[in-house]
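According to Swiss-Prot, the topological domain 'Cytoplasmic' annotation covers 1-556, 613-620, 681-808, 866-1161, 1210-1216. Residues or ranges marked as region 'Metal-responding degradation signal' by Swiss-Prot: 250-350. Among the features that Swiss-Prot reports, domain 'HMA' is placed at 410-477. For Cys421, Cys424, the entry in Swiss-Prot reads Cu cation binding site, with the evidence type sequence analysis. Summarising the annotation, Swiss-Prot assigns transmembrane segment to 557-578, 593-612, 621-641, 660-680, 809-831, 848-865, 1162-1181, 1191-1209 and lists sequence analysis as the type of evidence. Taken from Swiss-Prot, the feature topological domain 'Extracellular' covers 579-592, 642-659, 832-847, 1182-1190. According to Swiss-Prot, the active site, 4-aspartylphosphate intermediate annotation covers Asp903. Taken from Swiss-Prot, the feature Mg(2+) binding site applies to Asp1107, Asp1111.
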Amino acid sequence: MKPEKLFSGLGTSDGEYGVVNSENISIDAMQDNRGECHRRSIEMHANDNLGLVSQRDCTNRPKITPQECLSETEQICHHGENRTKAGLDVDDAETGGDHTNESRVDECCAEKVNDTETGLDVDSCCGDAQTGGDHTNESCVDGCCVRDSSVMVEEVTGSCEAVSSKEQLLTSFEVVPSKSEGLQSIHDIRETTRCNTNSNQHTGKGRLCIESSDSTLKKRSCKVSRQKIEVSSKPECCNISCVERIASRSCEKRTFKGSTNVGISGSSSTDSLSEKFFSEQYSRMYNRYSSILKNLGCICNYLRTLGKESCCLPKVRFCSGEGASKKTKYSYRNSSGCLTKKKTHGDKERLSNDNGHADFVCSKSCCTKMKDCAVTSTISGHSSSEISRIVSMEPIENHLNLEAGSTGTEHIVLSVSGMSCTGCESKLKKSFGALKCVHGLKTSLILSQAEFNLDLAQGSVKDVIKHLSKTTEFKYEQISNHGSTIDVVVPYAAKDFINEEWPQGVTELKIVERNIIRIYFDPKVIGARDLVNEGWSVPVSIAPFSCHPTIEVGRKHLVRVGCTTALSIILTIPILVMAWAPQLREKISTISASMVLATIIQFVIAGPFYLNALKSLIFSRLIEMDLLIVLSTSAAYIFSIVSFGYFVVGRPLSTEQFFETSSLLVTLIMVGRFVSELARHRAVKSISVRSLQASSAILVDKTGKETEINIRLLQYGDIFKVLPDSRIPTDGTVISGSSEVDEALITGESMPVPKKCQSIVVAGSVNGTGTLFVKLSKLPGNNTISTIATMVDEAKLTKPKIQNIADKIASYFVPTIIGITVVTFCVWIAVGIRVEKQSRSDAVIQAIIYAITVLIVSCPCVIGLAVPIVFVIASGVAAKRGVIFKSAESIEVAHNTSHVVFDKTGTLTEGKLTVVHETVRGDRHNSQSLLLGLTEGIKHPVSMAIASYLKEKGVSAQNVSNTKAVTGKRVEGTSYSGLKLQGGNCRWLGHNNDPDVRKALEQGYSVFCFSVNGSVTAVYALEDSLRADAVSTINLLRQRGISLHILSGDDDGAVRSMAARLGIESSNIRSHATPAEKSEYIKDIVEGRNCDSSSQSKRPVVVFCGDGTNDAIGLTQATIGVHINEGSEVAKLAADVVMLKPKLNNILTMITVSQKAMFRVKLNFLWSFTYNLFAILLAAGAFVDFHIPPEYAGLGELVSILPVIFVAILLRYAKI
């Protein structure tokens, strides 16, 4: 938009209004400290509680009332009186003087009209506002609207406030798009039924004048000073519309649709001066930001650095804590969707959603039906009767979700506390299955975690957690996977602390404990140390270190189970004493006391089992282990009650067992669960890669002072010192010192790696004898350790095929046990009556004892845990040796590897080509210069080698345009004089018959040809060195009977020479292979079309090891794709296994870990089958001379699960 077009048509008019140079004001406000701005506003309210006054009109007359000030403003608005009353000095505005920051009053240009819908008096703006139509609710941000991409809606105060010069009050507001892609036109803004219109009945001082002009909404309001607008913006792709938006915003030129032209005063000379000023201002800002857009590509980051509002569409901000800050500069909403009014400090009020603190709650249908509010706002200094009309939008529940503030999908991670077996996991999956908004679900019993993609248009996280809590007994908590977090200890109650003003960069607060707050923040805006030390108005301190959420959830659940078990033991001991003491067991008082204690155990300790079993039956249609516990313990307890009743009436039953059976049964079950949880928690924690993270760092400030700090307080820009033999706290670049670093625990590299200035160091590695000064490059939560741990966790969330088999067996196990129990009960009644000649009552009692024992001694959990516990340990063991399994299926099949296919360059070789011979024809300098211009910037190893070689010889690159790389073939471009330049593989360029090319190929070199207009100008012979462990790895793989292959896009001579050195058959190599040909070759092997007849008995398992982008298709096609870490990110994403260090012997590590893991899985299956078989036979009385007493059957879970966990843990100490 051209400046002259923007300001055309301006002239004199009867209606006049004031103009404020908002560029100067906004820069001054944005550069000011936020806390200082807020402090000033508080002081201003304390000194002047009169309302809005004009700086020149009213400040010099302190006794003026708000009504008098407003009356003068209306006189200016309607009669065009002396403009100096309003302080509208254009010269001051233009020169950036003090008056540019003074409060100014916007005059209105027509008389008030009554809005027919709400009955509110609204000042007309000489346009559509007079009709009371929809435009009265349209507005724009900072006087500028998104013309073709989106429109932002802003709720601002329409009230008058007294402020001193240069004081900028901070107004909180939210902006909400009505569609996920943003509003496409001003017609997308529509008015909705307001909640509690009583609060909006009076607009005497709160006038909001809105009209539209040239498809751009313009807004003006009665406002002393331009308020700083705070939004949370998500930068989008910036374009020229952003430049126009910023330029318009800087000018603060308010134009309205209609025939009435608006000027600064009634004087034509003043109008001309004003128009000239705004035109110049617009042009200056337009040119400035056009240049920034051209150079940086994104203006948002530049504005963010300056503390300014983004030029792109803002998004809604939310607080997921228990309450939002009363002083925070942002507004928040809860799931109720209702706007309420909440008292804050002083005489401020805030439109809020916290129904718990509401003075009133909206009862309109718009709030009861809508889950989302259109607009929230902070109103300063006035009561609800003075709040002007709220600009709201149409209900948008189909487009906007409270948790994310937009449509689309969001990746959610939930911690799940309370899962103990695969039955629990199956129940969780069924509960998720009832939710249409959940997709891509992954659950992990071992990690106690669930991940899924949430369709925000169909539900929120709160809805999901509410449904899960209703249908299952587990406890859920969302784990944040965005930004950074830090826990701090606050000096008073956490619920009060969240009402403190939030520093810039803080996005969310969450109450962890009574006086511990978890802060979510953007580390690029504010560092953790600054946040803790200087971010708050009250002193806070960093909280004690807590484990990763997945481990922390397990710890908390372990504590709960431990406390419950301890209580059960305490209550059971007196029962056992009274039952086993001969002098006490026959007394009614003793038995009555036992009954009371047993009842507490049955309904307090074992009570959750009842609820869990009922939820599983009702909501998930599952019969699980909890049902067996409920049936067995209930039978024992009811039998004891009945037996006690007979004893009281003087007809005791033959059995002497009373309440000790049910009580001891419950207690032993709890002991078994506690020990199992403890072993499982220790197992997971022991192989956690995050345990390698150091806990402290030595910070070096600008003066050289050294301070030891908690590692969580590191922030961008820090320099830390690494002492000899200490662990490196986080990733960084060495800026001073030299040493050798042991990276074995991170990369598996056994030899120390030399480090010097500009070397990269990674978190978790151990420094040698030297001292290093390192500049931080990655924060602890995003460093190498965290990245590796994330990939390992992803593998733990996947399930191998063998796990599906185990789950299927476990699902039939409980119904089978119930059937065996019924059969056992019936058989023992028959045996008691027919064989043992017992009375019917005695036969029934005996049958009940055997039935109870069968129910409780069996353990389906051992079958479900046999696979996942081993795979979790295996993935951790492999990670500590530099091998990252990205899926459990890779662990399952790697031990069956039958073929290993290698890419040559960068995989079998170092990937660092060197030029050994050069042939240049014609003008040598010109050819080399053109070639350097062509290859410079191309990331292919050959192009990089050529460019490096030419630069070392002092060649200067010529300008080459239209450069394009064709993967696996060539790179081409055009010289400044129009010459067609090509370089690359001689075969694809059609020069393989050139004598120089043939000579180089015969010698086994890789050949690079350079042609100009189709004629060969230069030929380069290159060679690459084998990796140090290539020969030994190939030999060991061959000894295991694995077939070896080489695929390469390189020349045939170089590939065959490499194969000969490694002893690989010529029939198993392919040269000049394109990515598609590599994929086809691997596919033939996988499908058995390229295998020996001896290997046709089972499907081949093919491992393809590559590093480049051109290997990505092959990595996907193979059974297992292995990526070398120094390769491209595309290849890394396509791979199933990632090698942290480019060492080929890691392939052997991968296969060995898989072999040992699968051996332990089979061993666990064997144990689970053996245990359940013999335990059930013993419990059912199959052995005449021996059977398990029912009170000791509760040890079954302990006896069955501990060996499984023990076998898995032994993998840590296996020789790999």
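Residue positions begin at 1 at the first shown residue.
Using N, Cα and C of the backbone, Cβ positions are placed for all residues, glycine too.
Features recorded in Swiss-Prot, as mapped to the structure shown.
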residue	record	DSSP (3 states)
Cys421	Cu cation binding site	coil
Asp903	active site, 4-aspartylphosphate intermediate	strand
Asp1107	Mg(2+) binding site	coil
Among the ranges 593-612, 621-641, 660-680, 1162-1181, the one whose Cβ pairs under 8 Å to the transmembrane segment (848-865) are most numerous: 1162-1181
Neighbourhood of Cys421 (Cu cation binding site), C-beta criterion under 8 angstroms, separation at least six: Leu445, Glu624, Met625, Ala810, Pro860, Cys861, Gly864, Leu865
The transmembrane segment (1191-1209) and the transmembrane segment (660-680) contact flag, 3+ Cβ pairs under 8 angstroms: yes
Which of Asp903, Asp1107, Asp1111, the listed recorded positions, has fewest other Cβ atoms within 10 Å: Asp1107
Paired segments the transmembrane segment (809-831) and the transmembrane segment (1162-1181) in contact, 3+ CB pairs under 8 A: yes
Euclidean distance between Cα atoms of Asp1107 (Mg(2+) binding site) and Cys424 (Cu cation binding site), Å: 41
Secondary structure content, the topological domain 'Cytoplasmic' (681-808) (per DSSP, counts of residues): 42 helix, 36 strand, 50 coil
Cβ contacts under 8 Å made by the transmembrane segment (557-578) with residues that lie 6+ beyond its boundaries: 417-418, 448, 584-585, 590-591, 593-594, 597-598, 600-601, 604-605, 659-660, 663-664, 666-667, 670-671, 673-674, 677-678, 681
Local confidence of the topological domain 'Cytoplasmic' (866-1161) - pLDDT mean: 84
The topological domain 'Cytoplasmic' (613-620), counted residue by residue under DSSP: helix, strand, coil: 8 helix, 0 strand, 0 coil
Number of other Cβ atoms within 10 Å of the Cβ of Cys424 (Cu cation binding site) across all protein chains: 26
For the topological domain 'Cytoplasmic' (613-620), sequence-distant contacts whose Cβ falls under 8 Å of one of its Cβ atoms, 6 or more beyond its ends: 423, 426-427, 430-431, 470-473, 626-627, 629-630
Between Asp1107 (Mg(2+) binding site) and Asp903 (active site, 4-aspartylphosphate intermediate): CA-CA distance (Å): 8
Positions whose Cβ lies under 8 angstroms from the topological domain 'Cytoplasmic' (1210-1216), at least six residues beyond its ends: 686-687, 870, 873-874, 876-877, 881, 1149, 1152-1153, 1156-1157, 1160
